[in-house]
Amino acid sequence: MAFNVTQAAKNGIAGVSAPLPKKDLADPIFRAVAFSAATLLLITLGGLLVSLVIGGWPALSTFGLGFFTSTTWNPATEVFGAAGPIVGTLLTAVIALAFALPIAICIAVFLTQFCPKIIAQPISTAIELLAGIPSIVYGMWGLFVFAPWFAKTIQLPLLLSVDPDSLWGKLFAGVPNGANILTASTILAIMILPYMAAVFRELFRSVPPQVREAAFGLGCTPFEVVSSVLIPYVQKGMIGVIMLGFGRALGETMAVTFIIGNAHGFPESLFASGSTLASTIANEFTEATGDLHTSALIALGLVLFMITFGVLAMARALLSSQRY
Amino acid sequence: MALALSRATRRKLASQVFVAVCIGAAALALLALSLIMFSLFTKGFGGMNLMVFTADTPGPDSAGGLRNAIVGSVIMCALAMMLAVVIGVLAGTWLSEIGGNSPYGHVVRFLNDVLLSAPSILIGLFIYELLVRPMHGFSAWAGAIALGILATPIVTRTTEDILNLQPNALREAGMALGASQWVTVRKIIWKAAGAGLLTGGLLGFARISGETAPLLFTALNNQFFSLNMNQPMASLPGVIFQFAMSPFDTWQELAWAGALLITVTVLAINILGRWIARDTDHK
């Protein structure tokens, strides 16, 4: 700064007496208050971690490493193993991502490249509204509308048409009631879709128009412009978006609780009931039978925190390294 | 020549298929939105009547409404937003105006972003450990604080973004008048950013008003009308969760009515927030 106005005012310009004393007090207080508000955010995150560690410690120390590898979850005998929910969480999130990713990219490409400007705005607003629908509404819709439809038109015919001993038969085995891993993943995919599409759209918008125009000038078709210019240009940011969507899918609670069927243990097929870390906590916490049960549920929360924190931290690091 | 032509045709064809797939993807998302809204309206209107707003949650198989849940949600969300706006605006202002470029500022911004997308059920567990367990009881205070923690990172993030958009000339003008930084921020920067800050608050409000997970083990639920902040309190999402999972028809009908109510409210707030933001963009 060439000329510090505040400093000049403080010293008094041309020998005028000292400035108002009020200012000297107000500024440090303001800075201190704002600083403590920012610090409070850090304390919250730290407190979250500490409280989960303290709450989950009894279960972790009782079961040791076995907590992460055992699939037994039995409140009656007080034996708890988290492998089932951990696998269920990762599995649903990965399937949801596999569904949502190509669709989100296509939507973003459509909105930024092919869509007439007049209808682009209403369409992107509508898709963003999809993100505003509360997760419990997704859960109800999934349980009462989507799951019965899925069971009747997809699951049952598939179940009847494949040989139960083949690989496909094993993959599709399960009670055809629609409450299973695959329907939960589909609902999750619909939920993370708008977030991912919105960030992809911003990423594609950040590509300088000259780059696109140069590709068109070389005679590329629109598909080639997208696949060999646009997408490579935003590669790093794209991985960030994928992580962000993954993180959201991992932590989603209510919708999954409604529809996944809440069966403990290892999910045996795509059409079998399962559970996730978040859905187990939501389902059992208020009805926990003993201190060890509560502690085991909080330990599940700690595992969820570790997984999502890692994924989200990676996503943010990748996204901020590519300014958009 | 024929080969070259067929290659060109193939490329053109692939491109057209790709464009069609992209249009299909957008149509699929719009289809999902309309299917959800359609079931919500067809099923929700059945249970929607005046009783929903005037009567409290009923026992199984009897008539009733959602009054206690609606009031509970409004109280807890309002308190949560007070907390979130005070802390969020101050923290966002600190990031934008004071210390955002220091190493500590980068850490705060990064962790705020992480907190922004942290699973909401973990916030519920945190408040359970912090407030519910030591005080031996679920309370509306705990619910409000859990929701507040959820909304604070959203307000912080939007505040910082909006303040960063304000031109430096405004800050220099304040300084040139001899105003302290506090006065400059309060009377010039916050005022200029008013509409944007309001949008941030509205989006935060929309987000928390549909949240169920953080309330499950903090405010719990309450079958009766209660204004006591030290007691468990009903909330709209909590009642929807309980009633939707129940086997009783009357409860399920009320759950759909509640779901319709909450979705329409949230979407209306969302649209209002965007409209305010867009209105100021054009100025």
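Keep in mind that glycine also has a Cβ here, set from the backbone N, Cα and C atoms.
Where the annotation comes from TrEMBL, it is an automatic prediction and has not been curated.
Sequence annotations record features per position, and here TrEMBL assigns transmembrane segment to A:32-60 (among others). For the transmembrane segment (A:32-60), the residues of the chain that approach it from at least six positions outside its boundaries are 67, 80, 291-292, 294-296, 298-302, 305, judged by C-beta separation under 8 angstroms.
Residues 59, 63, 66-74, 120, 123-124, 127, 181-182, 184-186, 188-193, 196-197, 200-201, 203-204, 226, 230-231, 241-242, 245-246, 249-250, 256, 260, 264-267, 270, 274-280, 292-293, 296, 299-300, 303-304, 307 of the same chain, all 6+ positions outside the transmembrane segment (A:80-111), place their C-beta atoms under 8 angstroms from a C-beta of that stretch. Among the features that TrEMBL reports, transmembrane segment is placed at A:80-111 (among others).
The annotation domain 'ABC transmembrane type-1' is assigned in TrEMBL to A:86-315.
According to TrEMBL, the feature transmembrane segment maps to A:123-151 (among others).
Residues 88, 91-93, 95-97, 99-100, 103-104, 107, 127, 130-131, 135, 138-139, 141-143, 146-151, 155-156, 158-159, 162, 164, 245, 248-249, 252, 255-256, 259-261, 267-274, 276 of the same chain, all 6+ positions outside the transmembrane segment (A:171-193), place their C-beta atoms under 8 angstroms from a C-beta of that stretch. The annotation transmembrane segment is assigned in TrEMBL to A:171-193 (among others).
Within its own chain, the transmembrane segment (A:296-319) has Cβ neighbours under 8 Å at 48-49, 52-53, 55-57, 59-60, 63, 67-68, 80, 82, 85-86, 89-90, 199, 236-237, 239-244, 246-247, 250-251, 277-278, 280-281, 284-285, 288, counting only residues six or more beyond its boundaries. TrEMBL lists A:296-319 (among others) with the feature transmembrane segment.
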